[in-house]
Amino acid sequence: MSVKLACYVTASVTVATLMVCFMTMSTIYSEVDGFREKLDTEMNVFRQSTNGLWKDIVVIGRSSKRVRRQYEETNATPTPHADGSPSAPPGQPPAVPPVFNQPKTPNGANGNGPTCNCNADNKCPAGPSGPKGVPGVPGLDGVPGLDGVPGVGADDIAPQRESVGCFTCPQGPVGPPGALGRPGPRGLPGPRGQNGNPGRDGQPGHPGEQGSSGQIGKIGEPGPPGEKGRDAEHPIGRPGPKGPRGDQGPTGPAGQNGLHGPPGEPGTVGPEGPSGKQGRQGPDGTQGETGPDGRPGKDAEYCQCPDKSPPSEAVNANRGYRNI
């Protein structure tokens, strides 16, 4: 049901889009036609204006037949010296200043103002340009021109339009990026897509961690006794050659302490060591026993007895002998 609805909606949108396109094309065609008519009208007005200007130019050209003034240098103005005389190159005659004929009446009877009577034989070089003159009096209106000759009848020719082909302008430089526009309206949901192809099997994963040991199962029933096997042959071979000596094994653990051995023989007497420091003074010992009597001593020297002295000096009477 959803696929049919989507088809109907798509068809209706397509028809509406085509109608809008046709209306837009008709509008553009009408605008182009109006622009063409406006351009033709402006071209007709421009053609009439140019025809009128051309007639005015022809009339002015016929009426402006003025006699040219016969002089070679129109802007010849001699440069005066300090004394007021005009300058002239050496070896040439001085220039003759122009003589203006003054009008007979104050306002000029002839209406043309003063006239210039220049010397035609003057060969002086032209002087610097003079100042700009006063604008002249506007001239009289020209005589109306003659009527033109009637034109020859033209043949009936269909107007040919100028065919201008389209031309392609060179691509200009890339402009700066525009501002971010507003998000457009949400479009219609599209038809349901087809089922994708089934994916391929992935690579096997890494082995997981070892699980915990399960409970011990029940002991199975003993199986039936098997058939008797064949007698095996057990040949005894000769011993092989002695192999190479192996590497030294690691150091074994320390053994138990052994028994005390017998005392050894006394060694040789070593050299006398240095004298030690004097030790601290020990405590006084106990008083010893009285010793035996000593031997008789030597005879003492006889001293002269002192004189008799008063009783105060009798104290020193026992000092008459000295021991040797």
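Each residue, glycine too, has its Cβ placed from N, Cα and C.
Residues annotated as compositional bias 'Pro residues' in Swiss-Prot: 87-97.
As annotated by Swiss-Prot, compositional bias 'Low complexity' applies to 129-156 (among others).
What Swiss-Prot records for 177-201 (among others) is compositional bias 'Low complexity'. The list of residues near the compositional bias 'Low complexity' (177-201) in space but at least 6 beyond its ends in sequence, with Cβ under 8 angstroms from a Cβ of it, reads 2-3, 6, 9-10, 13.
Non-local neighbours of the compositional bias 'Basic and acidic residues' (227-236) in the same chain are absent; no residue 6+ outside the stretch has a CB under 8 Å from one of its CB atoms. The compositional bias 'Basic and acidic residues' annotation in Swiss-Prot covers 227-236.
Taken from Swiss-Prot, the feature region 'Disordered' applies to 68-108 (among others).
When the region 'Triple-helical region' (127-153) is classified with DSSP, helix, strand and coil residues number 0 helix, 0 strand, 27 coil. If you look up Swiss-Prot, you'll see 127-153 (among others) marked as region 'Triple-helical region'.
Marked as region 'Disordered' by Swiss-Prot: 129-324 (among others).
Marked as region 'Triple-helical region' by Swiss-Prot: 171-231 (among others). Counting residue by residue with DSSP, the region 'Triple-helical region' (171-231) contains 0 helix, 0 strand, 61 coil.
Per Swiss-Prot, the feature region 'Triple-helical region' maps to 237-299 (among others).
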Mean predicted confidence [pLDDT] for the region 'Triple-helical region' (237-299): 82
